[in-house]
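The NAD(+) binding site annotation in Swiss-Prot covers G10, A11, S12, G13, K14, M15, G97, T98, T99, A123, P124, N125, F126 and is backed by sequence analysis. Annotated NADP(+) binding site per Swiss-Prot: R38, in sequence order, evidence recorded as sequence analysis. The feature active site, proton donor/acceptor is assigned by Swiss-Prot to H153. For H154, G163, T164, the entry in Swiss-Prot reads (S)-2,3,4,5-tetrahydrodipicolinate binding site, with the evidence type sequence analysis. Residues or ranges marked as active site, proton donor in Swiss-Prot: K157.
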Amino acid sequence: MTPIKVVVHGASGKMGQEVLKTLCQENNLHPVGAVDIRAENPAMALPDGSGSIPYSADLSSILSQTKPDVMVDFTVAKASMPAVRIAAAHKVNLVIGTTGFSPEEISEIEQLAKTNDIGIILAPNFALGAIIMVHLAQVASRFLSSAEVIELHHDKKLDSPSGTALVTVASMLEARGEAFNKPPKENLTDARGQEHDGIRVHSVRLPGLLAHQEVIFGAAGQTLTIRHDAFSRECYMPGVLLAIKEIVHTKGFVFGLDKLLKL
């Protein structure tokens, strides 16, 4: 089997480095290039010490030089959108883990997949446990009409609420088919978080955290809490690998890893 050639955009970041380390451990996946705005040297040493790969801030140059099958993107929305446009123009399939896109940007990404006849998966979360958490919250939403979401992340995360929290809320509302019970009014504006059709969403940003979320349902005499905790970025890698392997056989746009898991 011919190895899948992968370029990592955001390669100097923590997620980018974790992706490269994981790719080096896979026989059928081959890291061929690294891109990052902070690139100064023409080559990046691979984390496992097995060699180096072309490294540049110029994405178009790296794509032309390496001709990858897939580009993995873990950056920020402002940097990701131009990169997605460039990769699509080069007919490179995309695995996007960046969050913070506007609805208009997501629509553009979907159109880029169609126009360029490539596969693009955009997933707010690649941790399999987090995907299952959202699925279980959907199930509970059919039976319990009061709920709140608390998401907690490290203090360097720029967007809030998190992409996972927004997907969770949207999935819960879709499963329920109507708004949740309206929470009590707040005396201090925004003290109770952001409301989405009856679901309050609370965002916590603190050093020492990585990525955590809990969905709390309440009813007379009982509560149900569904929680996922990510303690290291290693937990995202099985999902990233699945996405890379599937997207080379997929045309069009896929939103969410749950579609690949067939939940």
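Count begins at 1; order follows the chain as displayed.
Positions of Cβ are set from backbone N, Cα and C atoms, glycine also.
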Which of the recorded positions H153, H154, K157, T164 has its Cα nearest to the Cα of F126 (NAD(+) binding site)? T164
Return one of helix, strand or coil for T164 ((S)-2,3,4,5-tetrahydrodipicolinate binding site), based on DSSP. helix
Output the one of K14, R38, H153, H154 that, of all these recorded positions, has the highest number of other Cβ atoms within 10 Å of its Cβ. H153
Number of other Cβ atoms within 10 Å of the Cβ of K157 (active site, proton donor) across all protein chains: 18
Whole-number answer please: how many Å between the C-alpha atoms of T99 (NAD(+) binding site) and H154 ((S)-2,3,4,5-tetrahydrodipicolinate binding site)? 15
Given the recorded positions G10, S12, P124, K157, T164, tell me which ones have a C-alpha lying within 10 Å of the C-alpha of R38 (NADP(+) binding site). G10, S12
